[in-house]
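Data block below; observations after.
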Amino acid sequence: MIGGGPPVGGASPGGPASGDGARAFGSRKSAQSRVPRRPRGGAWESGSRRMAAGSAWEAAGACRRGKVRAALARMAARAGPRAALAGAAAVALLSAALVLYELPPGAVLQRAFSLHKAHSVEDMENTLQLVRNIIPPLTTKKHKGQDGRIGVVGGCQEYTGAPYFAAISALKVGADLSHVFCTREAAPVIKSYSPELIVHPVLDSPSAVHDVEEWLPRLHALVVGPGLGRDNILLENVKGILEASKARDIPVIIDADGLWLIAQHPALIQSYQKAVLTPNHVEFNRLSEAVLSHQVDGSDHHEAVRRLSQALGNVTVVQKGERDVISDGKQVLECTQEGSSRRCGGQGDLLSGTLGVLVHWALHAAPEKTNGSSPLLLAALGACSLTRQCSLQAFQKHGRSTTTTDMIAEIGPAFSKLFET
């Protein structure tokens, strides 16, 4: 998504050597003057290609308005023969791309984040404005729970920090209530971390599915996987919880060992349109091997994420990495919000907790707020952007010693900077 405007071609040997070519590119020599020499280093050709690229950009804009012929005529009049030929080819390719992807001109999200397109800072800002639109206002007329009741399923003897990070992040972002459904051994530890969390020591119980299911009508979203572990009893219980959540149409965000479970049983979320998967590099490859029977081409991240999403029935996938890539199988977004180089454990839990809240807000926002864009894509972009901003702000203060606790302390200021200023 870096950089906007028309692409610029590099210099290469050769270039126009006629008086017409000189006038076309703004030479100060008159028409009767001798033909100027080609500058060294291919500068003439570079200028020719720049003009061709600029003309192609203009023609592509006219193409969307049904004025291809007029655009091509203007391009030919302003450029030399070689530049015009290059411009015509570019127009043809852009026209084909528009037809292939059927990009509706009125949708900001589709304009800014169509497949394989270079995205500008302005594009990112336009889409973040849609994220701002889904954030509910704070008013005195609301009652407790309206802005989000989030459940986190995970937490065992070995892993108590992850469910805490996810649950407390949900509260810090703006949820009113945050529940943790964990094992009996993990419950006292997680309770000791924060009095704000509602902790249920039921996940290893024989009645775990029933116990969690009783709470589902009171929850807006479920985050499954932080600190879950791979104990067979816990995994079987989580399978039942996922089925119960789907039956009640509750959004589920799946991370960590929840993704390991999905790799073993993809049918658990197949075609469930309110599921969001948040794999890192290793988890993404594992899912790809399980669902596609092979690892996808890592050189094209956009296509890889899109293909996995499609294979899962257009489930939203957020591949975390140097740049987070998000797809619902139809569109691909790339989050280029600046973050930091620190890779401490727990950042994914911050993301999943944040995503649980934003998914709830996005799904309950009025249609005009999202401008026809996918609510889950907007929620994912917002969560990725906020997590990165938290990482950046924490790193600026703590440098190499930055931990997820430092990042969570930045949620309030980072949220305000991105979405409220």
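Every residue gets a Cβ built from N, Cα and C, even glycine.
Look at TrEMBL and you will find 1-18 tagged as compositional bias 'Gly residues'.
Under the heading region 'Disordered', TrEMBL lists 1-50.
Here TrEMBL flags 127-418 as domain 'YjeF C-terminal'.
Long-range Cβ proximity for E283 ((6S)-NADPHX binding site), meaning a same-chain Cβ under 8 A and a gap of 6 or more residues, is found for A256, L259, W260, A263. In the three-state DSSP reading, E283 ((6S)-NADPHX binding site) counts as helix. Residues annotated as (6S)-NADPHX binding site in TrEMBL: G227, N280, H281, V282, E283, F284, N285, R286, D349.
Per TrEMBL, the feature ATP binding site maps to 320-324, 339-348. Sequence-distant contacts of R342 (ATP binding site), defined by Cβ-Cβ distance under 8 angstroms and a gap of at least six in the same chain, are S391, A394, F395, R400, T402. R342 (ATP binding site) carries neither a helix nor a strand DSSP state and counts as coil.
Note on D349 ((6S)-NADPHX binding site): other Cβ atoms within 10 Å of its Cβ, all shown chains, come to 31.
Between the CA atoms of E322 (ATP binding site) and H281 ((6S)-NADPHX binding site) there is a gap of 10 Å. Within 10 Å of its Cβ, the residue among the binding-site residues G227, G346, G348 with the fewest other Cβ atoms is G346. Of the listed binding-site residues, namely N285, S340, the sparsest Cβ surroundings within 10 Å are found at N285.
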